[in-house]
Structures are given as structure tokens and as C-alpha cells.
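Asker: Before we start, here is the structure in question, set down as C-alpha cells.
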Amino acid sequence: MSVSDYQEILKYYELHETIGTGGFAKVKLGRHLLTGEKVAIKIMDKFALGDDLPRVKTEIDAMKNLSHQHVCRLYHVIETSKKIFMVLEYCPGGELFDYIVSKDRLSEEEARVFFRQIVSAIAYVHSQGYAHRDLKPENLLIDEKHNLKLIDFGLCAKPKGGLDYRLNTCCGSPAYAAPELIQGKAYIGSEADIWSMGVLLYALLCGFLPFDDDNVMALYRRITRGKYTVPKWLSPSSTLLLNQLLQVDPKKRITVKHLLSHPWLMQGYSDAVQWQSKYPLGHLDEDCVTELSVFHNQSRESISALISEVINVCQCHSVDLDLNIAHVDGSQKKRKAKLFGSLERGLDKVITMLTPGKKKRFSRHGPRKLKAHYNVTMTQLLNPDQLLNEIISVLSKKQVEYIKKGYTLKCQTKPDFGKESMKFELEVCRLSKNEAVGIRRQRLRGDAWVYKRLVEDILSSCQV
């Protein structure tokens, strides 16, 4: 990587390992230098983005205007001549999709917990005038408290005429697309989101999709008919809700308003789904303001005013994506730097006291030690090299290409005619608690459900 491309981001954040890749972007784990806060940094190459550059602008514009407990937060945007860096809330739990894969399917109770959060996020997004248009388990992340955070607003729409204004762009993932959208009809974005929520709920409860076919045209025929299998384990109330969500006629679909207090979502709860934001834009944490005022021996009012002033200047700067960055007068910059400098220096002292010094990193010859996680499959083998050789043997039989780097295998399927190749990682690791040997899996590119079937086939073929 060119050091000059990263100089600006390195003023604020440490960059650590890559935690995700896809399309023209990669996501790295980062750490804010001042506070030590972990963040996810999405790094995009502007030249490689090409025609997708407006999509990035759409995503940034939406995320800087949305602030909700179940929407991933955008902290900072930095643009250089070649790169765009989006600094996002870090969600260590990974994708909801991987969680479904690990569980095969979720119990109705657990699915209800997640679906209430999805309804909350979408109700809020719609209330702000946006339709998401790309709802799927890969676009929902799990945070450290096991709550969902909605991501990827690159395909969202905010019609100037309001949410009832009809859209024409066919976008999103085919398996989650509403019938009216794939038929090329003008459609209402919020109604299309409701259909996608139905597909999502089905995936949570069943562990597979209601409409699925390797042939896209056959898939579209299934969607437009709206016929899907109802597994015997689904309760009558679950079946009823799915039917209300997956109505081919958008006018017969249930609305978000009725979902908030739907009987299925109310089971085990006394209150309707709370969709209003707990974190309105511009809201300052009262406890933090108090701590800072005591630390700096200033009034709460002056600290609040200072923070608000800095936020107004700094929040999500450089989002026009045309390098015409808003000009700030030099004297104004100096004044703000002076105002905020003492605050930063004070916090630096606290961070120095609380943060242990970095330990020297020794070279590692064996597999990494990882915590048990739902994207790690435990095995009966105790020898990591034996497990690695077993996986390599199976990959060769399945004609999956791979590059070996230590105990990590970067895998890629050979592209079939007209199909995108699948990229994923398999890593042999040790589990921290019981010294067992496991296999960490991660999808890098390609259809999530094809990946699910492929990895299940590979792992079941391994003699582990």
C-alpha cells in the first residue's frame, strides 16, 4: 500500500488486520488514537470504484443523517486523492448470516428478538424518508451486546416526493427482491423493504431462503408466484406473519406501523417495538459532559458548547466526494485547535494511565489462538497440521483453488459459465479455553447461501 494514501487516516487511527473484503472495498480493524476505541475502517479505492462512486456518496449522505440504536454509526469520513475512508462502529459479532449458518436455524424466541430489532431499524429509517432496498442477513451486524446493527446504505433511496413516491431502479439482491421490483414496475421503496423483511424472517426461522434457484430467471418466476415451502416446525403464528409479509401484491402487504405491535412480535413482550432513536443527532452524553467538566474544572455549559462547536466542524467531513472540501478560515482553524487542544491533552494523560504499553510482537509459528465464535467449527483433532492437510485434501477433490499462508487457506472456486466465483477463507486455529483445534471460516466474495452450502459440504467431507 502507498504510505501517502494512508497518512491522513493514520493521524487519527491505528490500522490493524483486515476483517472483511468485498467488491472494491476492504474493512480493517482500527483503534482511535485518542480514546482507544475500536472501529471498523472501510477503505475504498476511488479509481477502482468507477461508476460506483455515486453509490458511496449515497451511503455516506444517508449514514451521516441516521442515528439509531440498530443502525451502524458512521463516525468519520476521510477522503484523499485516491482513497475514501469510512470510519464505522465496530461490531465484533460479525454478520447475522454467519450466525444463522452456525445455528442452522434460530428458535422462534431468538428470531423474535432479532426481528424486533430489524423492525425497529426499518421503522426509523422509513420515518427519516429512506428506503433501504438491500435488506439481507449479510447487511446486519452483531455488536458486543448481541444486538443488530443495519449497514450498507449504498442502494438506499430518499425520494424527493416522500416515501410514497414511486421508484424505478431495480437494485438489491435477487433472492430478497420484491416481485414488483424484478418485474420492472414502478414501486414504492418502503413496500419493497417489507417483502425483504419477510425473506429475512424466513431465513432466521428456517435456515434457508423461501425463494432459491441457481438459475436467476427460474428464481424470478418463483418470486413472482410467491409460493414457498412452509416447514413443519413453523408455528401457526409464524406462518401467518410470513404470509402477511410475503404478499405478491404490495398493497396487501402488512405495513411497518402494524408490525410494531403485531401479535407475533408481542409474544413475551409487554411493549410494542420501540422504533424512535435513543441517540438523536447532536445528543451529548450527560455523564461524559460531567466527567469532562470535572476533569478540566470548567462548567458543563462551556464543555457542551465546546464539543458542539467541534462536532459541527468535524463531523463526517469531506463527504462531497469531489475533493471540493469545505474551506475553513485559517484563523478559525487555529482558534478551534487551541480550544480543543487542552481537552485532547488532558484525555491523552488519562489514556496513557489506563492503556498498557504495546508488547513486542513475537513471530508465531503455530496456529492463532481464538475465542470460541459462531464462525469457528470445533473438531476432534488435536494436531493442527493434520487438520490443515485434511482440509487441503478435500479442497483438491472439490476442485477449489487455494493459496496457503501459514494456517490460513485463501480459497476460490472456479467460475462456472455466467456465475461469479466464490472467495472465502478457512483458517486452522486453537480455541483459547480448551486447547481444541478448530476451523475459522469467512466469506470474502460471492453469494452468501452458495457459500453456506459449499462450506458445509467441505467441512462434512473432512474426517474431523
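Numbers run from 1 along the shown chain.
Placed from the backbone N, Cα and C atoms, the Cβ positions cover glycine too.
Got these off TrEMBL a minute ago, pasting:
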- 13-265: domain 'Protein kinase' (DOMAIN)
- LYS42: ATP binding site (BINDING)
- 415-464: domain 'KA1' (DOMAIN)
Asker: Under a criterion of Cβ-Cβ distance under 8 Å and sequence separation of at least 6, what residues of the same chain contact LYS42 (ATP binding site)?
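Answerer: Sequence-distant Cβ neighbours: ALA25, LYS26, VAL27, PHE85, MET86, VAL87, LEU88.
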Asker: Using DSSP, what is the helix/strand/coil residue split across the domain 'KA1' (415-464)?
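Answerer: With helix first, then strand, then coil, the domain 'KA1' (415-464) has 14 helix, 18 strand, 18 coil.
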Asker: Over the span of the domain 'KA1' (415-464), how high is the average pLDDT in this prediction?
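Answerer: Mean pLDDT, the domain 'KA1' (415-464): 83.
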